[in-house]
Amino acid sequence: MYFLQYSGIVFAAGLKRPSLHDGYQPTQHWYQQCHGLAAGRQRELHRTRGHVDSLAWHDNRGLRTHEGHVEGQHVLPRHLRRGSAAQVNVALHLLINVVSTAVLASSNFFMQVLNAPSREEIDRAHARGSYLGIGVPSVRNAFVVSRFKTCCWIVLLLSSIPIHLVFNSAVFQTNQRASDFHLTIANEEFANGGKYFAPGASLMASGVDDISDMLTPYYGSNQMNLTDSLAPESPGMANISLVASVAAKWDRISAQDCYNTYLLCDGLREHRNIMLVVDKPGGWRRRETWKLKDNQTEFWDPIVPADEPNSLWYAAQCAMYAEFKSPEEVVCSNTCLSAMFSRNDSIYYRKPLEWHDGYTWTYWFFRDMKTYYPSSYKTNPLNGTYRSGLQGDGELTVKYCLAEPIDRICHVGVSSTLLLAVSVCVLVKTAAAIVVTYVLGAQRHEPLVTLGDAVRSFLCHPDAVTAGRCMLSQREAGREKARPREAATPRRWSALVHRRWSVVPWFVWLTSYFLFGIGIFVAAYLLNETKKSNGLRGSFIESDKNQFFETSYTFTQGVLIANSPQLLLSFCYLAYNSMFTRLQMAREWSRFAGGYHPLRVTDPKGMQYSTYRLQLPYKYSIPLILMSIFLHWLLSNTLYLFISEGGYYGTSSFPSGRNDGVLPPNTAVTIGSSGYSLMALLCVACVLVTIPLFLSFQKMPIGMINVGSNSLAISASCHASPLTTAGKVPGDSSAESAPRKIPHSSTSSRGPYSSLRGSSACEGDAVGGSLRMDSGLLEMQVLVDRKGSQHTLASRSDSDSYEAYKHHYGPVGSSELFEQLSRGRIRWGVIDMPPEWYDEHCGHNRMAGDGDGERAGQVGHLGFGVQGDLVRPPIWGHWYA
């Protein structure tokens, strides 16, 4: 683990934020895009590691000291400007979220490719009466596709979990709070060469046993006897001499700032050792201040002369540390609190004072404190009661303070272990991406990634399983295995108004909003508990002013707990993205009902086009990615790992003050939470979950079947007519003026469609003679066969029926024709079919004309055609098959 300290200027000079498409060249095929994404992922990884190395290199140039090595950690100290550590930490976490989002987005691309079924896999599913998802992530697909694709999909999924859990904590800020300091109470002469005699006006060395009546035992932390404390070579005397020689060079701070820093203590960040300058010119004299017994006078004369002026009142080694009272309350304790003011004064309660003109910091020095000499003193006459407060001038007024400035060294730590774990996961993803690119590319099993890919495949190679069911919807296809398959008979078109919410299956709505509900409920509950306990307080970002968890953690435990909500947020984002994808697919599909449009595919030909996205257009995908980055950043501020060095939090009074082998000594680890960030996260989440609901109420075009992402429903809508004019040369007047050629079977007047419906012929005059289609282009004799309408979908899988179907749509001319159709601008609606097709439905033609007053011949076909096919919208009440 490395701890790097650097200024914001150094960081800005060394950082170049990687781009999502850095080094990414436009391509036309999905596996060519995979090449770019795999290479880009490696560059993202090396560039991110390079930024960290660059920061470390910049830091070494200004290295003053090396503070040691603690179990794999290096501490590289450097002077840091105020506030720059927090700025660097925020910038690095934004960078982490950008990089992790880029890595996970590219991983999601490969997962969608692996999750996308090939045509062979779809055909096998359709043969079983099942279906697969097109264009959306689907758990159903994951375990139906090939084992290779399933294994790679699982590897990419599992390797994403550590990135969510530990990447945000691979870089962290350590809060620097010093704990110990030296307190000196003296007048101005002390710092300017004036006479002084230790231990000062109290005639009491700090920290001795039984120094008070235990009501306010805060006079210092040194535990030593008086004789040792007054020895010239003792640490206490050395500190007093050092302060006397250097205090004049310290920072002069006002009494108000001094009071707020050391009495309303909050850890030492800018100053450490302190000298309270009291308003006592000329100092004090022992004879005027103390009335001693003869034996006491004899003891003190060589230590503190009776008539010599003394500029020193008190000196002590002190410490301040955090005490954990509750998650909402962390108070500061000062071991020299009683030496700095009297408990009977109003400032004893340590509330912020409203300083005004004329106010002075005045208190009684050692007031009403019964002090005893400990039994450890060797001089017997000194045993017993010594004094009761100062007998002379005990009131002191603090004019100002002299405080020693300290190098405020804040750290931005980089955990090499966590960064290594993330790097391994990214390398695993990169390796999997390379393998997927080459293996699937070599197999040439084209995955049907987008809706356009599926439509093109079903147009070029129609699916015999769904022939004659052009009105099969997503809802009906989803129930195929739950009940016997319906007879593939013509159905009446009803112009129902569908809204976009109908394209999202109910279980997708349920699971998605269940995830959203869990996240919002937890956030709302925590926010309510925060407001009830102590209200909103602290900072919007990581800060020691925020609440802390009342539990002790190791570094690794804290990382996992603090980042575990990131997993839930990622699942919510995937569900949210999937809903937008489905709604966008509905919009893309519905366009074909209102006009002629080319297909959007991964490998475009003719008028087809390709995009660098799989489903969502940039106007949706880019805001969604930015939203994901922002939400993950908000969450990293809402729940974060709090690490503090310097000893202020690293005590037994703080719940996480135990030693952690992976961090430097006197380092505290706990989990903090920001109420303001939590409130912002909750507000943003509540707004975002309403957007899909709002979009879902938009109406869809009336003349279109709702197929959603269901492969069975999409296949049923993609049976084109061999009469299509696709592939004709524009402007060929002879071709445009010539009547359409209607293919006939050379062996039977019924053609291949008749074999799917039966062998009976129809008597044309029985239903009123000739039939004229809506377009007025075809006239034929009506043949009736009522039995033909009773064949089920399963009968199409019989070899005879399938061969007959394949004969008409097979590769002998028709495959190339449908390929030309898929490459042009196409529209979905009523298209003309060959006479054999109408022969199959002649029985239903007569039935359609009975009972509703409409003329015979209402059965038509719905499918895709080009502009020359005169594609018409379906008519309400008409029958289609």
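Including glycine, each Cβ sits where the backbone N, Cα and C put it.
Annotated features, as they stand in TrEMBL:
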| type | residues | note |
| --- | --- | --- |
| COMPBIAS | 744-758 | compositional bias 'Polar residues' |
| DOMAIN | 83-191 | domain 'DUF6536' |
| REGION | 725-761 | region 'Disordered' |
| TRANSMEM | 418-440 | transmembrane segment |
| TRANSMEM | 506-527 | transmembrane segment |
| TRANSMEM | 622-643 | transmembrane segment |
| TRANSMEM | 675-695 | transmembrane segment |
Long-range environment of the transmembrane segment (675-695) - Cβ separation under 8 angstroms, sequence gap at least 6: 500-501, 513, 516, 519-520, 523-524, 526-527, 530-531, 536-541, 546-547, 576, 579-580, 583, 627, 630-631, 634-635, 637-638
Same-chain residue ranges lying at least 6 outside the transmembrane segment (506-527) that approach it to Cβ under 8 Å: 568-569, 571-572, 575-576, 578-579, 582, 673, 675, 678-679, 681-682, 685-686, 689
Number of helical, extended and coil residues in the domain 'DUF6536' (83-191), per DSSP: 71 helix, 16 strand, 22 coil
Folded-back contacts onto the transmembrane segment (622-643), same chain, C-beta under 8 angstroms, at least six residues removed: 20, 93-94, 97-98, 100-101, 105, 168-169, 172-175, 413, 540-542, 544, 548, 555, 558-559, 562-563, 565-566, 569, 573, 576-577, 580, 616, 663, 667-674, 677-678, 680-681, 684-685, 688
Mean of pLDDT values spanning the domain 'DUF6536' (83-191): 84
